[in-house]
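Annotated features in TrEMBL:
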type: BINDING; residues: C:CYS115, C:CYS118, C:SER119, C:CYS120; note: Fe(3+) binding site
type: DOMAIN; residues: C:25-205; note: domain 'Nitrile hydratase alpha/Thiocyanate hydrolase gamma'
type: REGION; residues: C:1-20; note: region 'Disordered'
Amino acid sequence: MPHDTQGRIGPQDLGGLDGDSVDPSEHDLAQWERMVDAMTRLMYREKIFGDAAQLREGIEALGPDVYQRLSYFERWAASSARKCVMEGLVTQEELDERIAQIRERGRDGA
Amino acid sequence: MTPAFRVGDRVRVDDRYEPRHHRTPAYVKGKVGEVERVCLAHGRPEILAYRNDGGPPRTVYRVRLRQCDLWPDYNGPAHDTLEIEIFEHWLRPVEARN
Amino acid sequence: MAHEHHGHDHPHPFQPDHPEPTSYYELLGMALNELLIEKGVYTAGDMRAMIEQLEAVSPETHGAKVVARAWVDPDFKAALLRDGAAAVSSLGLDPGYTELTALENTPRLHNVVVCTLCSCYPRSLLGRPPAWYKSASYRSRLVREPRKVLAEFGTTVPDDVEVRVHDSTAELRYVVVPMRPEGTEGWSEEDLATLVTRDSMIGVARAKATR
């Protein structure tokens, strides 16, 4: 029973689409996921995110392809970073540089 | 602010295009239901998504819809329902049928 | 046709030329956290405390207590259904910053909760949502074929019982008050709370049956 997907308000608008059966298994969160979860809370506290709509808007702005490819907290990380860049708190260059450093640390076995 | 709708009012979810972030999913747009509860008021997501001042708060309603009105091929009893929160600026009045 | 390939909730390597099993977005989150701490937006201690605060909430320590109280105390149940936040606060629990709405299951009505647009969840009572609650298949299908999805969780609802799906799209959060299992007359509130599972408070299952 195909469902007309026209008019979906964005990649997040899933209600009524066809899908696989639900996998009810439990997943423990990785440490970085716990960190991203807490980071968004701290961003609310510091009024960087003024409303839940701002975190959501940043997730929806990823577009359908990226939205579907990313895991849940990857989307949150992407939206949080975008917001901080837009607010001028960090630059994309700083983020890129730090990502390279973290990769190096990983290679050094730190 | 005074809510425009009361519990029991029949309402239609507006079926309009909105390019900004909003919280009215496609599957309820254009559908008719009944106000189950008048909830709090909150700034409009269409504005709050982009700046912290969402303007005057708008009333949020819980609207009850019949599943068989949402999905013509609904595979379940006619009394099954769905409730969803809809902002006042996404609702239109529906004249009573009698 | 409209059947989409849905994302899943596992981190995955996507740059075959890098040996690390960490994705760009995972690293992005880690980089952002380090920079926000260095710039003084918050401290490393704030981060640790927030992680602990989020871990401290669980269905067992929070939601189950509220439901068990509602089972033994009709006045509390009435208050909970009227104003969820006030009733939860009266137990010394944090109701969260959104409007908390309790939904009572009855012999005629089975409530079940979803957030089709993201993953709104009563975190102040249940902690973090399970992976399946955030999954594309749950979010897409529950509103359209709720009885089939419930059956996948092992919950068969007879046709003479109304199934009511709640799509949590805005400023409300929902917790289901499942029916009190038969054969629990005279049980203590503490013992009753052990029957109240997370899934029963989302509505995909009933409270645990007694042996």
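Counting begins at 1 with the first residue displayed.
Heads up, the Cβ atoms here are built off N, Cα and C, so glycines get one too.
Where TrEMBL records a feature, it is marked here on the structure.
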residue  : record              : Cβ within 10 Å
C:CYS115 : Fe(3+) binding site : 24
C:CYS118 : Fe(3+) binding site : 20
C:SER119 : Fe(3+) binding site : 18
C:CYS120 : Fe(3+) binding site : 25
Next on the checklist: I want the residues beyond C:CYS115, C:CYS118, C:SER119, C:CYS120 whose C-beta is within 8 angstroms of the mean position of the Fe(3+) site's C-beta atoms, in chain order.
Outcome noted: C:THR116, C:LEU117, C:TYR121, C:PRO129, C:LYS134, C:ARG139, C:SER168
